[in-house]
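Heads up: the structure comes next, in structure tokens.
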Amino acid sequence: MDKFKIDGRCTLNGEVTISGAKNAALPILFATLLCDEEIHLSNVPRLKDVGTTIKLLEMLGATTKVNGNVTVLTGAVNNHVAPYELVKTMRASILALGPLAARFGAADVSLPGGCAIGARPVNLHVHGLELMGAKIAIEDGYIKARVDGRLKGAHILMDMVSVTGTENLMMAATLADGRTVIENAAREPEVVDLANFLNALGAKIQGAGTDTLTIDGVERLHGGSYSVQPDRIETGTFLVGAAVTGGKITCRKTDPTLLEAVLVKLEEAGALIEKGEDWITLDMTGRTLKPVTIKTAPYPAFPTDMQAQFTVLNAVAKGTGMVTETIFENRFMHVPELVRMGADIELQGNVAICRDTQQLKGAQVMATDLRASASLVLAGFVAEGSTIVDRIYHIDRGYEDIEHKLQGLGGRIERIKG
């Protein structure tokens, strides 16, 4: 199993180009199942999860071509089973459910795996599809959906805000008979990107970016080309890296409007922020890092996917900071690893109290999920001595070419093949 070796006490400086957003690319790739014509996608990040999704599409019968961009043709799809062997590694595989049920009237999707950071129930997906006329059974570890004819438009009130739940039902509704209204819908930029992609193929979706979506079903979607939006979480991770190491970096090919809550907190932490249409510069040179209070919540509030990185920021800031996690009940698994490095962090339920740590020390630590692994890498740059981060397959799921990007910023990091 690969690991990272990081030599600490280094400063991140320079420019980095941001990749396409994993959390936008995956649903867009699954949405190609709704269309039988060729689709060309650009700015798709080269990630383990993207590769898994492409394998799954091919297993279902799609033809794909990857040459910097991704071309998908699902006209020959003749299989509606998303097997455990692929789904177990990636929770986003649940996003095959809506498109398969809508276009083919049948979907067997294994109950998903992925990061072990909470219960993430599938009942929201199941209930919404049932309201649209699907008959669903959960048996043998699979969600099995069957539809007589077409799905029917429905009024769906989601019991809780769910990004993948919103995406699955929105995709299914594009080919349903009649109008579907989804209330308490997720507002995340990745949901908006998916809606924009579907509309580019001929879907009729209104309200993306608000908590109410209105989808008028169409008979079919046509092919087309689309560019995936930049990754706001990768952007935020690099910005925090510069903040905690006292450096100055510019993120290129990004979108500052996608992470306003993060930028506000970085300014509170003492960073100087400048931004343009597609770039952000953070300068922490000679400035004192201050702790911040954050509370994760659905967009446009502070994103849960930036919580671990800000836990590191608070651990090395001068003073006491507080991090409250409201999205997932088990998303502080990075804290014991940071404590191994000398961090003074106390957990009280869903709150992490981070007190001023004089100096983190290098240690051997274990990545437990995608964003936790990124936080441990950042901690390694701040620490004195060398840090080994094990189980970095997590980080490969969500960050494209991360060690080379960090090396380009002056980070002393190398991959040790397992």
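Yeah, the Cβs are placed from backbone N, Cα and C, and that goes for glycine too.
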UDP-N-acetyl-alpha-D-glucosamine site partner of R91, I327 according to Swiss-Prot, chosen from D283, D305, D356, is D305
For UDP-N-acetyl-alpha-D-glucosamine, with binding residues R91, D305, I327 per the record, max Cα distance (Å, no decimals) returned as 16
For the binding-site residues listed (K22, R91), most other Cβ atoms within 10 Å of the Cβ sits at K22
CB neighbours within 10 A of N23 (phosphoenolpyruvate binding site), counting all protein chains shown, number 24
Whole-Å Cα distance, D305 (UDP-N-acetyl-alpha-D-glucosamine binding site) to N23 (phosphoenolpyruvate binding site), is 11
